[in-house]
Amino acid sequence: MNPDMIQLVLVGVVTAATPLFLAALGELVAERAGVLNLGVEGMMVMGAASGFAAAYLTGSTLIGALVGTAVGALMALLFGLLTVVFAVSQVAAGLALTIFGLGLSGLVGSAFVGLKRDAAPHLAIPGLTHLPVVGRLVFGEDYFVYAALLLALAVSHGLRRTRAGLVLRAVGDNHGSAHALGVPVRSVRLLAVLFGGACAGLGGAYLSLSYTPFWSPEMTAGRGWIALALVVFASWRPWRALGGALLFGGATVLQLQAQAFGIGLPGQFMSAVPYLVTLLALVALSLRRRAGSVAPAMLGTAFVPDR
Amino acid sequence: MGDGMRAVAVLAMAVLAGSAARAEEKLKVGFVYVGPVGDFGYSYQHDQGRQFLQKQLGDKVETTFLENVAENDSQRAFEQLARSGHKLIFGTSFGFMDPMLKVAKQFPKVDFEHATGYKQAPNLATYSARFYEGRYIMGEIAAKISKTHTVGYIASFPIPEVVSGIDAFMLGAQSIDPNFKVKIVWVNTWFDPGKEADAAKALIAQGVDVIAQHTDSAAPLQEAEKAGIHGFGQSSDMAKFAPKAILTSLEDNWGPYYVGEVKAVQDGTWKSHDTWGGLAAGMVVMGPYENMPADVKAMAEKTEADIKSGAVKVFAGPISKQDGTVAVKAGEVMPDKEILGLNWYVKGVDDKVPQ
């Protein structure tokens, strides 16, 4: 393998990791506020359908991405009303959101099946993008990738270094105390859920606008569930989620590359490798976790203020 | 679970529609699909067949379809159609086999037809298509077009239908170029556009210049178009996804078969049967031959005609297994039963069937 081929493989890894990371980052924020939203798959697939539809009708990838993001947030609003405002079971509402999203996206996207458009534009900086070995990898990704990195920076900084992040974490760790201190627990949770939906919608739009630029029902193919696993894998830390997404996307892409390269491992085993990697990582994490749980203490618990 | 919930909703609508219809002379025909009709692949093609049937027979027939019916939840769908006066019911997924067998026993006056299955009853027929015939032609085309003498093959699951497809492809390719090579990537899914695209990228990185696929999305073709190489469409004509890359598509065509079966029921001549039709029966159709020199196109057309006439049999001997043992002697043809259970590669495939 020459360096340029390695670069192509790495570009493929980044592509595979981006939708996983976007969805996981959003879910991470919602979970840090104490809300477990199992509807990531449903929000993603709605983002993919509506994002493609909007981009196809307007001819603009940017509008497609924005619409996908907004529709993901709308789906999350529905979930937030149910779980945060009416204190419905988060697990049941999340599962329902996934089923609802898969069905509704088929309806929304039905007029757009079998249509195609050009892939999302890539960054092109004269002199840099065409550098050998690293040019395309660092300076030639599509805009979604850079947006995802900026989001990672913002979330990481926001959670750790800002007052808003502190409030969000307090709500997720002890909503009773936060409420006693005058924090509007339910508003904070609703906002966190909306952010999670927006990220999932953007991740879905990435699938139908850049990864494989067409719409097809259920094209998310389980990526929302992988994103959920990633949040746990990352022990609720943004940069670990990025690392996990690269690892997971990388394992998938590399096993396909290994097969094409002719490494004689059976296909089913190779397909299971990413999941094996995740399991091992989970075990390693739990061994290291002796000091105390890393999950937000209120995760999955509804908050009903006393009156 | 999602499929189940949707099936219930669709079922309710079908029942309402059924009770509203009062046209006595029309034959009511039901279809049950495992996927959405909008998948632009397998279920879509069956529904194209249903629409063809409705158009051909007009007011003599009334068709109903249920989409997204989960296999383990399908019995109710078949019962509901049988109860609401449907006299001929098609189920199109392998997993519908046992539910259909049960329902067929409950409704002896209703005729059932199951695609890709192998269990029959006096009122349950089976039908399928010899897709491998088309893959033989694709193999010939690939051997003529490829400059690297290598095809990249994206495979779904190691089941006989897929393995026999790889074998037929390679037998076709070897008839042109005995040293032709195949690189196989198993993706372990029928449909995941992202993963299929990644598999195509991996094969392209290994220098293949033709990609064949036995998965359902147009993603591999789009990657081929991007890389400036060639590929084949699956299930329906996928030319618009890759106008420069596409060589031809392997299309499912169920319409004429459905018309024939409905007419048989109307004439009272319908009998249980096991139909396995290919190019000759029109159940498998080759898409337009494109992006290839005239002589290659002529060769493909001739092979297609020869398979239709029976002059060329895909699994005619001599055929050797990978280790060189003779599987089919010269002058003999592999029996259908063996093709339906094929689990080994022909000589020249440098890979192992995953176990």
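Using the three backbone atoms N, Cα and C, a Cβ is placed for every residue, glycine included.
For reference, TrEMBL has these:
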- A:6-26: transmembrane segment (TRANSMEM)
- A:38-57: transmembrane segment (TRANSMEM)
- A:63-88: transmembrane segment (TRANSMEM)
- A:95-115: transmembrane segment (TRANSMEM)
- A:143-159: transmembrane segment (TRANSMEM)
- A:190-209: transmembrane segment (TRANSMEM)
- A:221-239: transmembrane segment (TRANSMEM)
- A:246-263: transmembrane segment (TRANSMEM)
- A:269-287: transmembrane segment (TRANSMEM)
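Highest Cβ pair count under 8 Å relative to the transmembrane segment (A:6-26), across stretches A:38-57, A:95-115, A:143-159, A:190-209: A:190-209. Comparison of A:95-115, A:143-159, A:246-263 by number of C-beta pairs under 8 angstroms to the transmembrane segment (A:190-209) places A:143-159 first. Within its own chain, the transmembrane segment (A:63-88) is flanked in space by residues 26, 30, 35, 37, 39, 42-44, 46-48, 50-56, 94, 97, 101, 120, 144, 186, 189-190, 193-202, 204-206, 208-209, 302-304, which lie at least six positions past its ends and keep a Cβ under 8 Å from the stretch. For the transmembrane segment (A:95-115), the most Cβ-contacting stretch among A:38-57, A:221-239, A:246-263 is A:38-57 (pairs under 8 Å).
Contact between the transmembrane segment (A:38-57) and the transmembrane segment (A:221-239) is supported by 3 or more Cβ pairs under 8 Å, counting only residues 6 or more apart in sequence.
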